[in-house]
Amino acid sequence: MGCGNSKVLPEASKKGYVSVVQSLVAFSKAQGDDESKKHAKKKRAPWFSTSAKNLQPASNGQQQILREGRQQDRVAKYKDKFDPRVMARYNIKALIGRGSFSRVVRVEHRATRQPFAIKMMEVEAPEGREVCATELAVLQRVSHSHVIQLMEVFQFPQRVYMVLELATGGELLDRVVSRGHFTERDATQALRMVLAGVAYLHNLGITHRDLKPENLLYYHPGADSRLLVTDFGLATFGGAGSEVVNGDNSGADSWSLRTTCGTPEYMAPEVLLRRPYSCAVDMWALGVIAYIVLSGSMPFEDDSRTRLYRSIVRGKYSFHGDPWPSVSNLAKDFIHRLLPLDPAARLTADQALHHPWVASMAASSSMKNLHRSISQNLRQRASRSSSRCPSSNESSADSTNVGLGKLILLEGNQEQQQGRASGRLPARGASTPAN
Ligand SMILES: Nc1ncnc2c1ncn2[C@@H]1O[C@H](COP(=O)(O)OP(=O)(O)OP(=O)(O)O)[C@@H](O)[C@H]1O
C-alpha cells in the first residue's frame, strides 16, 4: 500500500453516499498507538515497494537474529489471539502480513502437516464484517487453478478465520525483479494465467475491482508456478451479463455497478467518473498491470491525486522512455486494447486471451531482455516513493499523495444486497464449523 496505506475518500462525496472510508480510517485509528505504528510499517508504496525489498542490501547476521526474535514474538502474540478451536487443528508458524482488517499467518495442519495460510478477519466492526462477507461470498463460490482456493472457514462472532491455500512464491513484481532476465514471453506467461483466472471470475459474474500486482501471488517459488488472483475484499457479484460472457460487454445488464472503489492508479475512468460500470474495470486494471510488467513504470501516475484522476479520465499515457523502444508493437497493441476510455471497446478477458501477442506467447516479438530497464524503473519509483513518505506515521488524511491505498465509497446498498444474496450459496470445498 501507499505511504499512508489508508482507505481514502475521493475529493467530493455526495450526500446520500455512505462513506465506509471514514469508518475505516476511524477503525484503524481506534486500534491504538501500538497497532497504528505497526500498521504504518506495513503501509507501503503501491506495487513497487515490495519489489524494493529485493533491492535492499543483505542484512547482517545480527539483524537477522533480531528479525527472527521479533517474528517469534509476533507469532506468540497471534497465537494468543487465535481461537483455541482453530489452534486445535492448525499450528501457527509465522506471520505473513497484515491487511486493513486482517492478519495472515502461515500455519500447518496438525494432522496432515500440510501448510496453509489463515486469514484472520476482525468482524466486530461493521466495516470489517462487510469486507469479510464480501471476500467469503466470493471465495466460497470459486475453484480455479488461478484463483486462491479457500479450504475451510471458522466463523465466530468476533473473528472469521479463512484457511487458504498457501502462496509461497511471492508477488508478481517481486518475481520479475528477482529472476534477472525478463522478456515479453515471460510477460505473456504471467498475463495468461491472470487472464485465465479473471475470465473465470467474469464468467461467474464476479468483478474483482482491485486487481494489481500485489494481489497476484505465485503459488510456489519454482519457475513453473501457477499465478493466483487473491484478495477479494472489494469484489462484487454483478457487472457481467451474458453479453460479457459472449464477448460483448456493452449490454445494459452488465452496467449494474456503482460503488467507487479500488486502488487509485488502477481505477478505470468510468469508476472515477462515477458512471455505472461493469467487469470491464478489471480489464482496465489488467492494462495497467501489463504496462507495469513490461516497463516497471506506471501508465498513469502523479503525486497529486487530482492530477492522477485527470490523466486517467483523459486516458493519456505514452510509451516513452526505456524499455519501450525494445517492446513490440503487438505488446503495445495489447495494452491499447485494454485501456480505451470506452469500456465497451475494451477487450474482455476471453478476447484478451486470444489477442495474438498473448495467444502466440509473443512469438513474433524480439526476445530482448527487458529486466535491466524494468528493475531500474522500479528502483527509481521505490526511491521516489520513500521520499514522498517522510514518516511512517504519516497521516491517513493526506490528500495530495497518491498510492495511498484503496478507495471505498458506497452509493446505496444495491451491490451489497446482490453480493450477499449470491453469498448465500453453499461453499465449495469449504466447511463452516459451528461456533
Ligand atoms: N493465501 C495466501 N498465501 C500467502 N500470502 C498471502 C495469502 N493471502 C494473503 N497473503 C499475504 O498476506 C498479506 C496480507 O494480505 P491481506 O489480503 O490480508 O491484506 P492486503 O490485501 O495486503 O491489505 P488490505 O486488506 O488493506 O487490502 C499480504 O502481503 C498478502 O500478499
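Each Cβ is built from the backbone N, Cα and C atoms, and glycine gets one as well.
According to TrEMBL, the feature region 'Disordered' maps to 30-70 (among others).
Note on the domain 'Protein kinase' (90-358): mean pLDDT across this stretch is 92. What TrEMBL lists as domain 'Protein kinase' is 90-358.
The ATP binding site feature in TrEMBL is assigned to K119. Secondary structure from DSSP puts K119 (ATP binding site) in a beta strand. For K119 (ATP binding site), the same-chain residues that are 6 or more apart in sequence and have a Cβ closer than 8 Å to its Cβ are G99, S102, R103, V104, Y161, M162, L164.
Taken from TrEMBL, the feature region 'Disordered' covers 370-435 (among others).
The annotation compositional bias 'Low complexity' is assigned in TrEMBL to 379-396.
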